[in-house]
Amino acid sequence: MAGILAWFWNERFWLPHNVTWADLKNTDEATFPQAEDLYLACPLAFCIFMIRLVFERFIARPCAMGLKIQTNGPQKAQPNAILEKVFTAITKHPDEKRLEGLSKQLDWDVRTIQRWFRQRRNQEKPSTLARFCESMWRFTFYLYIFTYGVRFLKKTTWLWNTKECWYNYPYQPLTVDIHYYYILELSFYLSLFFSQFTDIRRKDFLIMFLHHVATISLITFSYVNNMARVGALVMCLHDAADVLIEAAKMANYAKCQILCNLLFAMFAIIFISSRLAVYPVWILNTTLFESWEIVGPYPSWWVFNLLLISLQLLHSFWSYLIMKTACRAISKGKVGKWNPLHVSKDDRSDIESSSDEEETPPANQKQHSSSGTANGTNKNHGTNGYLTGATYPDEH
């Protein structure tokens, strides 16, 4: 184990040439980031998760009730042991052949069986109330941490001159503000990393999983090798747009469409401008070029920049989805009425649709679906203020 730890914490990987861990030990004159500081994030992540449960129960839920957001979930399917066994043990989307077999076995028509499976699938989706509470929690945290970041960063020199991130590196003392900022951000993303397995399941689960891994890795890397200054800039930049998307989702659930449209438009502008313009010009420029000039590259420098570039790829992917959402809405000729969080049908799946939406059946069921319009199988109608007739543009 000692050999493994010595290999992992190899100074020639983590630190610039001629710098050792002994040089970065805490003294009476200065405090530097220590890897063991990050151990605090694990119990804090659990505490944040518990605070979230209390917040959602005693703050977010009463707010949702005050906004008259529905508390009941989607309509429950009629109890049926045979269909339940097929649903849980075989498939949630039976094909045409299985539908016909079930129809003969139960003496039900195919449309009724299709409707049962659709209602049963919807039973597993969270209610609009649960979605609102989750968004309100994230909105509250992002607003707090973004406000805190802006307040302390505006007093620093490296906010205005990014070269200050590298002067005298890595012998830059750790301030209380940066330490608190880092530990709180890392704790929050650790709580998101583990809670995503129990939270509302989204279609971009894998993308968000990779995003959390990259974020946690970046926070850890930048803290351990004392790139905390540029790390703080990265975190603050990302929190700005996250505040607006959670606010837009809350307005969506509360059926405040004008406010939702306005917030989404603000989110799209800030997200695309900050992630596709400010991030590469301001952040990647200083980590790739200014640091190369002032400090020079070393192994963990390459890893850190590789993580930052992978984050930029995720930014480009999400920006494409956001622009596709807006273009699709505009092309429908309903600019004055469109709701981006509905028309996209979860293009960026953090952008929510209703919990009791109509699902698009598999291709081999379309002939049954089309014949079921009279029974509401394929009818466009509103549920809790949401458009439910749109089809999924893709599954990602």
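In case you wondered, yes, glycine gets a Cβ from its N, Cα and C as well.
As given in TrEMBL:
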- 38-55: transmembrane segment (TRANSMEM)
- 83-127: domain 'Homeobox' (DOMAIN)
- 85-128: DNA-binding region (DNA_BIND)
- 130-331: domain 'TLC' (DOMAIN)
- 180-198: transmembrane segment (TRANSMEM)
- 205-224: transmembrane segment (TRANSMEM)
- 260-282: transmembrane segment (TRANSMEM)
- 302-322: transmembrane segment (TRANSMEM)
- 346-396: region 'Disordered' (REGION)
- 362-386: compositional bias 'Polar residues' (COMPBIAS)
Residue distribution over DSSP helix, strand and coil in the DNA-binding region (85-128): 31 helix, 0 strand, 13 coil
Integer mean pLDDT for the domain 'TLC' (130-331): 92
